[in-house]
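According to Swiss-Prot, the features are:
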| type | residues | note |
| --- | --- | --- |
| BINDING | T156, S157, N298, A299, Y300, G301, P302, T303, D389, Y401, G402, G403, R404, K503 | ATP binding site |
| BINDING | D203, V307, K503 | D-alanine binding site |
Amino acid sequence: MANKKIKDMIATIENFAQEQAEFPVYNILGEIHTYGELKADSDSLAAHLDQLDLTAKSPVVVFGGQEYAMLASFVALTKSGHAYIPIDHHSALERIEAILEVAEPSLVIAVDDFPIDNLQVPVIQYSQLEEIFKQKLSYQINHAVKGDDTYYIIFTSGTTGKPKGVQISHDNLLSFTNWMINAEAFATPHRPQMLAQPPYSFDLSVMYWAPTLALGGTLFALPKEITADFKQLFTTINQLPIGVWTSTPSFVDMAMLSDDFNAQQLPHLTHFYFDGEELTVKTAKKLRQRFPQARIVNAYGPTEATVALSALAVTDKMLETCKRLPIGYTKPDSPTFIIDESGHKLANGQQGEIIVSGPAVSKGYLNNPERTAAAFFEFEGLPAYHTGDLGSMTDEGLLLYGGRMDFQIKFNGYRIELEEVSQNLNKSQYIASAVAVPRYNKDHKVQNLLAYVVLKDGVEEQFERALDITKAIKADLQDVMMDYMMPSKFLYRKDLPLTPNGKIDIKGLMSEVNKK
């Protein structure tokens, strides 16, 4: 455990650049970059950004994957006073366009080729970025992101079909980072050697880069091209000298498909941090068998409260006695309550909505006052957020999770609004009406997404089999929907059931799909 408190993220990184300039900060498949390089490259880019005369504090999109240039761009933008918006290069075109429409960025930094031409904003291409890094421009930090300034903006799924940009300030980030590097639950090692697998557009990434940069460690990036290829994934993981693993439970489930993923093969891997979706007893038990001495940490929290608000180290007793793992003890600076439908606090043991308050709560959604007003409020004098999650609190202060209150789900770590999936399905030329429904396994975890579909007149006659219709729909929507949002099974109906007030009966369909 670090027993250290940082006051400024950039100042901390700058100090490491002085104290350990030759120490690796980033290792992507053997390509190594040091703290000294990170300072030099981010200084050069920050100086260049100042010369562009962008609107002060305006957000900037950074487009790419797990490349080192992503991190260097983030640091440069923070130094020059700009919030950054990470967009993963595997994003669907329509999602990218929707983010640009909402965010109105002043600039795009394209670490990978940006798929949209004729933008209304300037674009720094990767070839230009390389030249900027080579210039080795010096930089005086005097208007960096600080205090309540927005540090980054992560876009999540939105109920209107438009993504919501969660604004996280420097103060929000410090609240999370200082808790993580000091909390007994995490027991974060000094100079952590950390797996960097979740994309930067997913706020779980903050759980690896923030503590690593705060403690002078090394990030070991694992690009999606590797994770998508089982053989390469297993070969690569076994060669990484990582001590800390941060991922969704789904990703470690994938890793455990290899018998070689164990403590004998990876003796240096001693810490596992999980967030982004529910860690089931089944997954935790299997991991404990593979890594008997490792620390398995279950963390919980919405993007809107800066990554996580509670955590605990899973014990053998929990694995023996719990049907559902507790989601942890809450951060000391973030009072967390359970409330009923009227907004009144509930006693310990009673289930209601989890409300988080305190300095890690976001200021709201970028350029979306209506959605901000609906989700964010003041509770007992502190900024607070409606998580939309059901939960209860034990007398010992342990938070228990009870599932989602609405139709928003977690699937493979991604937060998905079922309504957004349904809206996208309805954009297909073949579909008259469609809804998306999750199927849960016995561990209360989303197993897959199903689509109930009513086809347009004449479509069925165009194809020999239902499978061919499904293939055509998926091809039709490949530029509209992210891969993880695409239902794995399509069920074709003549009509969809309605509720008494004329809405599609999604709850009824969910019951049908999930009945024993």
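Quick reminder: no glycine exception, Cβ is built from N, Cα and C everywhere.
Just so it is clear, the model here is predicted, and its values are computed rather than measured.
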Sort out the sequence-distant neighbours of G402 (ATP binding site) for me: same chain, 6+ apart, CB within less than 8 Å of its CB, listed by position.
Q351, D389, L390, G391, S392
Rounded to the nearest angstrom, how far is the Cα of D203 (D-alanine binding site) from the Cα of T156 (ATP binding site)?
9
Of D203, D389, the binding-site residues given in the record, which has the fewest other CB atoms within 10 A of its CB?
D389
Candidates N298, Y300, P302, R404 (binding-site residues) with Cα within 10 Å of D203 (D-alanine binding site):
P302
Identify, in sequence order, the residues in the chain of Y300 (ATP binding site) that are 6 or more apart from it along the sequence and have a CB within less than 8 Å of its CB; answer 'none' if there are none.
D275, A308, L309, S310, A311, I327, G328, L399, Y401
At a 10 Å cut-off from the C-beta of T156 (ATP binding site), count the other C-beta atoms across all protein chains.
20
